[in-house]
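Contents: one structure, followed by commentary.
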Amino acid sequence: MVMMLWYVLPLLLCSPCLLIQIPDEYKGHHVLEPPVITEQSPRRLVVFPTDDISLKCEARGRPQVEFRWTKDGIHFKPKEELGVVVHEAPYSGSFTIEGNNSFAQRFQGIYRCYASNNLGTAMSHEIQLVAEGAPKWPKETVKPVEVEEGESVVLPCNPPPSAAPLRIYWMNSKILHIKQDERVSMGQNGDLYFANVLTSDNHSDYICNAHFPGTRTIIQKEPIDLRVKPTNSMIDRKPRLLFPTNSSSHLVALQGQSLILECIAEGFPTPTIKWLHPSDPMPTDRVIYQNHNKTLQLLNVGEEDDGEYTCLAENSLGSARHAYYVTVEAAPYWLQKPQSHLYGPGETARLDCQVQGRPQPEVTWRINGMSIEKVNKDQKYRIEQGSLILSNVQPSDTMVTQCEARNQHGLLLANAYIYVVQLPARILTKDNQTYMAVEGSTAYLLCKAFGAPVPSVQWLDEEGTTVLQDERFFPYANGHLGIRDLQANDTGRYFCQAANDQNNVTILANLQVKEATQITQGPRSTIEKKGARVTFTCQASFDPSLQASITWRGDGRDLQERGDSDKYFIEDGQLVIKSLDYSDQGDYSCVASTELDEVESRAQLLVVGSPGPVPHLELSDRHLLKQSQVHLSWSPAEDHNSPIEKYDIEFEDKEMAPEKWFSLGKVPGNQTSTTLKLSPYVHYTFRVTAINKYGPGEPSPVSETVVTPEAAPEKNPVDVRGEGNETNNMVITWKPLRWMDWNAPQIQYRVQWRPLGKQETWKEQTVSDPFLVVSNTSTFVPYEIKVQAVNNQGKGPEPQVTIGYSGEDYPQVSPELEDITIFNSSTVLVRWRPVDLAQVKGHLRGYNVTYWWKGSQRKHSKRHVHKSHMVVPANTTSAILSGLRPYSSYHVEVQAFNGRGLGPASEWTFSTPEGVPGHPEALHLECQSDTSLLLHWQPPLSHNGVLTGYLLSYHPLDGESKEQLFFNLSDPELRTHNLTNLNPDLQYRFQLQATTHQGPGEAIVREGGTMALFGKPDFGNISVTAGENYSVVSWVPREGQCNFRFHILFKALPEGKVSPDHQPQPQYVSYNQSSYTQWDLQPDTKYEIHLMREKVLLHHLAVKTNGTGPVRVSTTGSFASEGWFIAFVSAIILLLLILLILCFIKRSKGGKYSVKDKEDTQVDSEARPMKDETFGEYRSLESDNEEKAFGSSQPSLNGDIKPLGSDDSLADYGGSVDVQFNEDGSFIGQYSGKKEKEAAGGNDSSGATSPINPAVALE
């Protein structure tokens, strides 16, 4: 059995060996036990004639206990009494007095029970038996009570006396309760008090009812007739106490019980009662006010409740008071109660009996129920400070003692035995137990021993040596062993040995010391923003033999994932908290635990964010509104762990701008009030927003609205301008005042104007709109202008004078060009002379320079002109034109402009010199053999001059030699060049440049070689699909891989399933073909596919055709001869013809849109090469047009179209006799007499770049 050591520690706190009784585990010995009272009746019993009376007295002991009783100190024999039944149960001396004999009065008295055996006598406490008869109200004659209206009266109850508590009810003859209030109430004594009577109190049936719970009966007093004499002159009087009647009284309250104080007063008007405790505050948590404040109940009275309690009765005429002086006393209570013990011979026995009470109780001792004074004087005892001490006890000293404490409020009795016994030592802890603990902790090995005398206990290690030589080992008085600061080498076996004068015994305890749990990486404290997520990480090391776990706590509460919320995510030692809120901040701890230990690592999470709303926004100092001021104050906002930097004060005017807030300014974050300067006539509603480093928080609740008084404007409009929109007017404009600057419900503007410098009388007009049109002015004349704000309270300040002008006309003069300086082939400088300002007819705003490309110097463009513009400031008379095309003609115009528009233009034409060409287009490499490559290219889009040829250079990328080889190709019409003697094992970098007289231009670069460097050719992404009688093999040719031929062989499996005549024959295929379709296969048949070259297997595949089984393949013809196929092809051809006719009809309708027109809007004739990533197929104009008409159709099914990249594909390129090129690579004859046909099949298509849809580049 393995014991976890945290369960052991409470056992170490038990008393050592000397127990109240012999342990149950101590078996195998016949041990006697002195008498012990186990149950007895309460100290006071109140019984009634019909009740059965049971007096209980039960006790245990060995040998069997005998019982005897005394009544009023005289021996009482229950068995000999008539009507008494003795209980014959074991361990019981109880008896019952039966209630049907009405003998209760005869058995009244004080009883005591004695339980005895050979070892002593135990004694019960005194039991007082009180017998009551049936309650009866004494016969009396009740006289009517007469009283004048407004006077006080007391209706007495005087119920019969009773030993048991009773309840009093006042009712009338209809069994309705008398209504009680501050004027009418019942006292604790049962009397009914009237502070003053009213005529409505006049009744003849006031009945006092007494309820006796013991007899379960209610008896009534004779009805009282209350007669109230009406009066017309009720006299007010001050309060007088009806109970108690004197000014003060003294009471004794018992500690731990309740104290009830009562004051009932009379007077008119009806007095009110309140209670005072002059010396100390009233203990409100223990005070209950009842009966309309006339009764004070103080619960659980303590010594601190000593003192004066005053009741005060008050009305409008005066007051009356009564002082209760309360003394708190106490019945005896235990400080230390004597306990029974077992002792061995020769030991000293000590029984402590410490009691307390007020007054101090008297303590007496008894031995076996007899007063200690009557015991033989040779007993070895003494009494010291209330304790009974016996020295050198022997078995004959076994006894039962009684300690009794008594004062006037009660008595206490305790039985305790001294049992002197000789018992052999015995270890009650199980033998061979295993204990586990972790390194660094404290282990507790149990050894519970019992015997008399008390056994001595020692612990030994495996070698029989005492363990106490190590200071880490410490014994407990009860025999257990503690080992602090455990180490791994403490693991082992330990022996506990217990011995007394009769024997010695030994048990084995096994200790296993495990590795302590350690947190290797604990969570770290962090600061996160509200709404973010935080991750805490925890890693720990555990003893591998223990079951371990990692849990998380937040502020001491266990955290777990919840199915209805994703707030927490816990996995693999991580705690993730999502959507952080301020309530999430606190301490988070990782708890790594095993069944032996647990360690905890804490981290603090601080959630920060923008502040909370500003509370308690208040307005004050309203008298300042007349001066357009107000005082605003607020309480600090919750800063959410980031200091508040400032408060933003905003206002809203719900009349002029509802739901729009304007800032009045900001104050420092440590300021919580400010006096605001306000504008006249604004309906201010304020709010305040706190701001910290994380931004503004929620605004405060809005304040109440205040309105400032109206006033004359304090500002005039700004940005006053005078400009004409016609040649004979002037439009005066200004920026209107904001509504908050109106200072009144409405605003107008007083506008004044006059010609500048003529000192004429000001003309004026008052308007509401923010503009005024002055008509019939001369062209471009200066005016003085003033604009002043006006409202119903007066005018604004004197406005400033602004100079404006009437309308402008178009400039009448063109700039005179001075010269044009050519910087280089793409940049020129244009200069002109300043214009005459008098001819500008307005403010000279600048110059507009317009220029456009007219065409190459070889040939002018006929397409749409695209013009470029440049605006030059008025103080500048030159412009640099850059980004021009080399070797081109340009037209330039310069115009002056004012606010009205542009004037006449000065024109000039210039040409740019020749430049270097752009890079050639579409350089491609085609492998001819292992040592040769054919290079294809297209001329550059931008010649920038006259092409003189091409410069080709290349060098190997690998190998030792990096020598650059150059070829100067002087034929500008050349489009291909063949390179030989290349190394098949190397890759090359090829660079091609076009040249003009200015030199080579930008290069186009490609890298490649003749063959793959290693192994077999690469069939990238090769795949195979199958139908019922065909299969398609597809692959992606690798760029730079030489084209080569190989054959594909389909072989049916298993062999023999298909006859040799029906086996497909090997077919030759080109690598660049990228796919191959094998027809005439058998359905539902598996085929092996071999790709072979010169008997070398290049690739191996397998495929299975669809269908239900082999079919006979026709040897007379293919499916192309079937009727359905012929009809299908005919339908397609007919559809294509219809589409072609529709296309020609459409082209003929738009015939005016020729290739020439389209080229004018897109490209120069120099820059219309046809290109494709696979070199492009150049055809005659007619064939090109035909291809474009069917550019989107699929190839025919007869397989006659030759795939791109085949061995014969070069025949389709530039060698065609129908194709002619001019010097820059464009087609000769594109504009020669076939315009309509060209328009029908020209560059209209928006399809992708291809040999039949060439890309068009704009120059």
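Positions of Cβ are set from backbone N, Cα and C atoms, glycine also.
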Task: Regarding the disulphide bond with Cys157, report which of Cys113, Cys208 Swiss-Prot records as its partner.
output: Cys208
- prompt: Where does Swiss-Prot put phosphoserine, among Ser673, Ser861, Ser1183?
  reply: Ser1183
Task: If Swiss-Prot is the reference, give me the range from 524-555, 620-651, 780-811, 1228-1259 marked as region 'Disordered'.
output: 1228-1259
- request: Pick out which of Cys263, Cys353 Swiss-Prot lists as the disulfide partner of Cys311.
  value: Cys263
Message: Using a 10 Å radius around each Cβ and all protein chains in view, which of these disulfide-bonded residues has the most neighbours: Cys263, Cys311, Cys353, Cys496, Cys590?
response: Cys263
- line: Whole-Å Cα distance, Cys57 (disulfide bond) to Cys311 (disulfide bond), is 48
- request: Would you report the average pLDDT that the model assigns to the domain 'Ig-like C2-type 1' (35-128)?
  value: 89
Nearest-integer angstrom distance between the alpha carbons (Cα) of Cys353 (disulfide bond) and Cys538 (disulfide bond): 57
- request: To the nearest whole angstrom, state the Cα distance for the pair Cys208 (disulfide bond) and Cys538 (disulfide bond).
  value: 77
Query: Counting distance between Cα atoms, which of the disulfide-bonded residues Cys157, Cys311, Cys403, Cys538 is nearest Cys496 (disulfide bond)?
result: Cys403
- line: Ordered by sequence, the long-range same-chain Cβ contacts of Cys113 (disulfide bond) under 8 Å (at least 6 apart) are Ile37, Gln40, Leu55, Cys57, Phe67, Arg68, Trp69, Gly93, Met123, Ser124, Ile127
Message: Given a separation of at least six residues and a C-beta threshold under 8 Å, show me what packs close to Cys157 (disulfide bond) in the same chain.
response: Ile168, Trp170, Asn189, Gly190, Asp191, Leu192, Cys208, Ala210, Lys221
Query: Which residues in the same chain, at least 6 apart in sequence, have a Cβ under 8 Å from the Cβ of Cys538 (disulfide bond)?
result: Ile519, Gln521, Gly522, Pro523, Ile550, Trp552, Gly573, Gln574, Leu575, Cys590, Ala592, Ser601
- request: Mind giving me a neighbour count for Cys447 (disulfide bond)? Other Cβ atoms within 10 Å of its Cβ, every protein chain shown.
  value: 26
